[in-house]
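Q: Provided herewith is a single structure, encoded as structure tokens, for subsequent inquiry.
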Amino acid sequence: MLKGGMLSRWKMWSPQYKILRNHLINFKSVSTYKNISGVNTKQPKSPRQFGCMPHVTKKRKYKYEEGKTYHGFQCERVEHISEFELTSYTFRYERTGTELWHIDRNDSNNVFSINFRTTPFDSTGLPHILEHLSLCGSQKYPVRDPFFKMLNRSVATFMNAMTGPDYTIYPFSTMNEIDFRNLQHIYLDAVFRPNLAYFDFLQEGWRLENKDIFDKQSKLVIKGVVYNEMKGAFSENAQVFSQNLLNNIFPDHTYRHVSGGNPLEIPKLAYNDLVEFHKKYYHPSNARIYSYGLFDASKTLALLDEEYLSDQSWVDNSYSLIRQQERWTQPRLVHISSRLDNMGTTIDRQNQIAIALLMCDATNIQESFELHVLSEVLIRGPNSPFYKNLIEPNFSGGYNQTTGYSSDTKDTTFVVGLQDLRVEDFKKCIEIFDKTIINSMNDGFDSQHVESVLHNLELSLKHQNPNFGNTLLFNSTALWNHDGDVVSNLRVSDMISGLRESISQNKKYFQEKIEKYFANNNHRLTLTMSPDEAYEDKFKQAELELVEQKVKLLDEVKIEKIYERGLILDSYQKAESNTDLLPCLTMNDVRDPPKWPKLFIQNVQNVRTQICKVPTNEITYFKCMFNITGLSHEETQLMPLFCNVISAMGTTNYNYREFDKHILLKTGGFDFKLHLIEDVRDSKSYSLSVMINTHALNNNVPEMFALCQELIKNVRFDDSERLKMLIENYISYISVGVASSGHLYAMLGATSQVCDAGKLKSLLYGVDHIDFMKNFVHSTSTVDICDKLSTIASKVFNKDNMRGAINTTQSYEPSAISNYEKFLESLPTFGKTQTSRNIHYLDPSCQQYVMNIPVNYCAKALFTVPYLHQDHPTLRVLAKLLSAKYLLPVIREKNGAYGAGAKISSDGIFSFYSYRDPNSTKTLNAFDETYKWLRANQNVIDQQSLFESKLGVLQQLDTPIAPGNIGIDYFLYEVSQEDFESYRSRMLSVTIDDLQCAIENYFGKESMHYGKCILGPVNANLELETSHKWIINN
């Protein structure tokens, strides 16, 4: 039997760029953060975008009855959603009014979350810093940073904490009930009884401290984890633009503040203000509690009653209510500045514009849903009016990240934003926006275009999401926070039916909506942004002046106290915590993951085909891969662009508008991805393949294969104007937001110094790809690019270099195979070409990508052994141990970076990284001193830390898999169920002696093949401070 699903989740990151026409990105705020090892998390999607299409059934036996009380919780509402076999129970604790929403569902991935409505009244980042501090120790668990320590004492599939613009949530999920109860205790104690220690405030929030804490003569600077995090956030232009849009469209409101914290305002926060805020806003009366899955909810109710709520009483929480924004009588225009992005386009085009409209109250569920659909009709794909009028004229780099409909705030918003346009085109954009609204109001929409949007929504609801409980939580949080009806919000099929009926009865239904919400809406903000070459200098000067103002208020005694406090904090950070106070799973608590359905390998018309018969909710998933290793170097470098544009160019029989309409009416789209796959057995070779991924309802499978055949046989690259627009949008898209994923780009940059396969990865996915595309487009005419892509298309889709995979239901499998055979009959065959290349390893090297940002992203990569080597599981355990015991304490807690860690990829690249880091060479030195630290702290590697590190690996290995992705590891890497089980068994058998041997073998002497990389500001002393020669990429 073959196993599918884990390896692809943790292999070296390979970003696959998609043009924004394929999906809408909701209006985000800078104020949504992830509190795990540093990676920024996007705001949850609209509550209308999750997988449920329910039907309510009245008569059935329920576990809890309406009107009855269980452990102090009265059951107020019970509803069954039959299509997803879940039952919703709404409870309210009688003493405090705390609402608990339990979703009972036969799903092994159980979820729990405590939510609070936390409305900021300034931009000091108080709710965000409190989120960090709450997880730094509590009454029952007085351990420094139990949250991070629990990461490796649990097999949680998800652990997090997030601050939104008006809420803070603390969610986790796990498939193990003992783990679930352990984490419930940790989270509940953290939020209701946190220690809120002053020195944790200094570490996580902000502090004034000597730059060198051991030198009292060194200058005073501002430090702090959140402070550095927000410096990083405010250096990202997309974040700055989104945050200002939120602040300015709600100017009289809590949303005018930055809940995450403006770095120049954070140092105004006083510790006592944070303590008082917790008392008020983290009161149980202001809490909402969510649980999901198959674990017994009565145990949760009993725990809350007995340990946290019974000694509390109700308080009026109206102080946290979010009122509606008062509507404007006149539209407004706001202009802001941003940093010059040296990764971006030319300075004259580094401008952005957004036109935003305030829509309806988010709690008006049907109205909000219909506006969401209308928004998709207006902006989605080449058949939408805004795409036709704003994107296709090609005076910008396409939609920006704010575009779309958002229901994440009390009043919903609709935004159309463009990036990379000239200042003189701002006026043109506004005029086109107005004209498009008027024309849409007068002319209406093509009925097939509307139907394609609704079909795509209905198809998305059929997906079986392995993280359904988390998805439901995130998509309900904002609505629930505004006291909206989250249960009725699950009735998406009813909302779709209601909309269809309204449209059938009134052909101008959408046109009337446009008149009301778009044409006659004075609450309209036009936000523009342009680069300022002095932006970073101005920030540095403002930061310097802020420090100077604070220093002026200090006498010598206070300065001495700051120095002494820094030493005390250093000792506090180095002190050992009694982690025995924290719960931890034992090996007896760890269960084997479920075995996945058998994979059948068949030869279908000489094409190796993998078939998995599994319940898929009436969807058939199809993947096929074409080996393209034989392409030339230039053709290979063009493959990411090829994958991005191929389904947007049209075919011999359909122009691009017609083809897009057919795709959306019959399938979930065609996703082309480029895969560089190393041999996981010996790392001596690699191959390149392009994978096509699509899915459709079973009754649309014939059309799915027909459209796929049409695309790969008849794609046209003869429309040079169309391609020019797509290329410019693509370059804008990949150039924006490099810093937000800076640690990933840094790891790719470091890996590119290790071997030629790593160098190719950087050319295909990294900063080097951005540079290549800019230079290539500058030196090559669009007509020539058309010819090159057309040549690639004639080479890529070779049946002799193909393999396929089908996941479908057992009953539909014969029909799926029959349609697949017809698809294969027409594919061209022109003999096998080169299928692999040998890997060559390089001499050690270091490089920096210079970015004008105030933080760094550092990485070091070295070659070890690949996935199926016997030492790989040991090194993976070691990576977890180093992250928890060395890198996070030193680089995050002590030195102030937002995140740090170590990981090993399937090809054997062992990487160290930091995220939003105030340091560069100091961090690289910490990476280099790993062996020295391990030898000096051998006592750290004990049985408990070893076991905890294994649990951290199990979290990744045992992650649930969607039915459509079962078998993916075998399809990509030929890692079988037996291989996986052997790997898992070897990992669990790793001993302390194994770790010590691995330390000596792979870190005891400097690796022959390693690379270092920094993304960050200029450092004139880089070579002097590191004693290495550096390649500087400006």
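In case you wondered, yes, glycine gets a Cβ from its N, Cα and C as well.
Values in this document were obtained by computation on a predicted structure and should not be read as measured data.
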Q: The Zn(2+) site in Swiss-Prot includes HIS128, HIS132. Which of GLU65, GLU66, GLU209, GLU229 is also listed there?
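A: Looking at GLU65, GLU66, GLU209, GLU229, the one Swiss-Prot places in the Zn(2+) site next to HIS128, HIS132 is GLU229.
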Q: For a quick check of understanding: among the binding-site residues HIS128, HIS132, which residue's Cβ has the most other Cβ atoms within 10 Å?
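A: Most Cβ neighbours within 10 Å: HIS128.
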Q: Around the Cβ of GLU131 (active site, proton acceptor), how many other Cβ atoms lie within 10 Å? Please give the count over every shown protein chain.
A: 26
Q: For GLU229 (Zn(2+) binding site), what is the secondary structure by DSSP, using just helix, strand and coil?
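A: SS state of GLU229 (Zn(2+) binding site) = helix.
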Q: Just the number: how many Å between the Cα atoms of GLU229 (Zn(2+) binding site) and GLU131 (active site, proton acceptor)?
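A: About 14 Å separate the Cα atoms of these two residues.
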Q: Helix, strand or coil for HIS132 (Zn(2+) binding site)? Use DSSP.
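A: HIS132 (Zn(2+) binding site) sits in a helix per DSSP.
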